[in-house]
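Student: Sending over a structure as structure tokens; questions will come in a sec.
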């Protein structure tokens, strides 16, 4: 009787944190490029650096800067974040450090009386 060997290869997606960390690193190291208008498919780095190599296949590149969502931009229908209410203790996107874009914030303390319809 003969022996039989079976090999199976498969790819497994890394855990979510690993993927997120990799994407964040690629995002912060992305390169601004500009396309030539010659239908050649060629692109060049917008900030010409003689020592800069060509972009690699796994590198993130972008054609235009992202808008500054902190400031009002009527053309983009963006009201900005000035005057928005933030949550000083929140770890989320509504926290004051993130939402106020480093401009600082005012603290508003309120005391309210509300009917609670309590039953004793």
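From the backbone N, Cα and C atoms, a Cβ is placed for every residue, glycine too.
Straight out of Swiss-Prot:
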type     : residues : note
LIPID    : 1        : O-palmitoleoyl serine
CARBOHYD : 29       : N-linked glycosylation site
DISULFID : 86-101   : disulfide bond
CARBOHYD : 87       : N-linked glycosylation site
Student: Just checking, which of 29, 87 (glycosylation sites) has the fewest C-beta atoms within 10 Å of its C-beta?
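Tutor: With the glycosylation sites 29, 87, fewest surrounding Cβ atoms within 10 Å: 29.
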Student: On the three-state reduction of DSSP, what should I expect for residue 87 (N-linked glycosylation site)?
Tutor: strand
Student: Give me the long-range Cβ neighbours of residue 101 (disulfide bond): same chain, 6+ apart, Cβ under 8 Å, in sequence order.
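Tutor: Listed in sequence order: 70, 81.
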Student: Helix, strand or coil: which one is residue 101 (disulfide bond) in, per DSSP?
Tutor: coil
Student: Would you count the other CB atoms within 10 A of the CB of residue 86 (disulfide bond), including those on all shown protein chains?
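Tutor: Result for residue 86 (disulfide bond): 15 other Cβ atoms within 10 Å.
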Student: Could you state the whole-number distance in Å separating the C-alpha atoms of residue 29 (N-linked glycosylation site) and residue 87 (N-linked glycosylation site)?
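Tutor: Computed Cα spacing between residue 29 (N-linked glycosylation site) and residue 87 (N-linked glycosylation site) is 31 Å.
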